[in-house]
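Heads up, the thing below is written out as structure tokens.
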């Protein structure tokens with residue numbers, strides 16, 4: 001009798017030669033067998049010893065778990081009734097900075113089977129109007145300050161994420177209530193609930209569009225439930241008597257913030273301290289005032305902490321969790337030297353994978369410099385040669401494909417993009433060039449679509465960026481493909497110089513040329529005051545490409 005593929009999985013790397021796939025070295029997390037479970041019911045049913053769910057960092061207001069779930073039930077009852085009449089399949093938009101109201105609005109809408117979409121408050125009215133036209137929400141949660149950014153569609157109802165109404169609110173017919181009003185509603189026990197299953201859409205989040213137009217990503221209740229279980233396992237939060245306190249510095253409109261702070265952590269009894277926006281002094285005050293133990297952040301915040309002349313006071317902080325973009329060796333070492341008492345952990349994920357894919361879950365795992373970590377629980381991966389389509393073994397670079405219960409359902413109203421990204425048997429083509437080493441650690445080399453094609457060679461921008469960041473007079477950098485008739489494309493660098501530096505284009509090009517193969521040389525340089533990045537810290541190369549080519 002032949003050996004099954006299951007028996008042929010290499011325990012060290014997770015690679016199965018028979019199927020040419022990698023399997024996570026982490027134990028699978030249990031998922032509910034009942035198909036008729038929505039993420040809100042799942043979260044509310046978790047048992048834990050936590051008391052305080054949310055804290056407003058600015059005011060100190062505390063919301064207990066009892067108050068949170070009462071508010072969610074009340075808000076859901078109010079939203080299901082006239083005049084909003086929110087139903088399963090309707091889309092609800094949240095346009096808001098971080099606040100303790102954000103999770104209440106999100107959970108109330110999803111509990112009804114509505115699909116949640118979010119927008120960046122920094123977006124222009126035109127950008128928001130484009131998303132509204134695509135998603136067609138029937139309800140928007142927003143603040144008084146952001147209300148003018150919403151298109152004046154007559155059929156769009158608005159719930160203000162404010163504590164009380166003001167006299168001027170009555171002049172806008174779109175406003176039906178405040179979040180405090182609907183949260184105080186007595187839940188109607190006779191209300192008929194729509195049947196919501198794990199396969200139903202839960203969120204419609206628009207991808208960052210770092211390389212092209214933004215697309216709506218549809219995730220299901222199963223996706224979010226998987227994420228909740230993986231988060232609780234990663235931080236060993238379930239069944240613990242100790243309450244951890246997380247500081248929310250990342251935007252809840254982004255997949256990272258939404259799945260962690262507005263959903264995942266609320267299922268395990270952790271306390272979430274909410275910053276309305278990131279400012280270093282306010283972050284430090286909150287860390288010390290509220291006894292924060294975990295600090296999830298994006299790389300630019302980490303850079304600021306390392307760049308500070310003296311170590312910052314971090315109180316009871318034990319772990320920093322970085323996501324959104326990979327961390328370089330120099331940054332990790334600089335942080336460890338300045339804050340030896342704090343572990344630094346990393347994560348890798350996409351909007352399309354509900355922010356899940358790989359992570360380092362201990363200081364020891366993070367010491368493998370450059371890694372995104374081990375594959376997440378319940379995850380399979382392939383490394384696929386972009387040219388031949390062949391699945392590759394250990395230590396070979398190709399496009400990362402992943403499969404797991406958290407993978408998106410597809411792109412909203414975009415069958416072509418869905419078919420090119422999701423295979424019929426559930427593999428998500430990430431668009432990232434990666435390899436998995438002999439111990440099962442994932443390394444992200446670059447974005448497949450961002451490779452610079454110089455003659456017949458492929459040049460990863462991230463490699464040149466990492467090199468340029470080692471220059472003592474460079475504080476930030478982005479490398480893009482610059483079109484050229486003879487060679488196709490060549491590397492162009494946008495550089496942010498250190499204050500007082502007179503670094504020249506020639507010096508930059510010589511610095512790189514001494515350390516790389518000829519085809520990787522930087523052949524054009526521009527100096528800028530900052531590098532455009534999205535909310536998760538990823539470089540917006542498309543903006544820089546547009547800037548560079550607009551002068552041609």
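Yeah, the Cβs are placed from backbone N, Cα and C, and that goes for glycine too.
Here the structure is a predicted model, which means the values were calculated and not measured.
The feature region 'Disordered', as given by Swiss-Prot for the ranges 182-205, 206-229, 230-253, sits at 182-205.
Comparing the Cα of residue 455 (CoA binding site) with the Cα of every entry in 256, 347, 447, 449, these being the binding-site residues, the smallest distance points to 449. According to DSSP, residue 346 (ATP binding site) sits within a strand segment. As a summary of secondary structure, the region 'Disordered' (182-205) carries 2 helix, 5 strand, 17 coil according to DSSP. Listed in sequence order, 459, 481, 488, 489 are the same-chain residues six or more apart from residue 453 ((E)-4-coumaroyl-AMP binding site) with CB atoms under 8 A from its CB. Taking the C-alpha atom of residue 207 (ATP binding site) as reference, the shortest distance to any of the binding-site residues 277, 347, 449 belongs to 449. When the neighbouring Cβ atoms lying within 10 Å are counted for each of the binding-site residues (277, 447, 455), the highest count belongs to 447.
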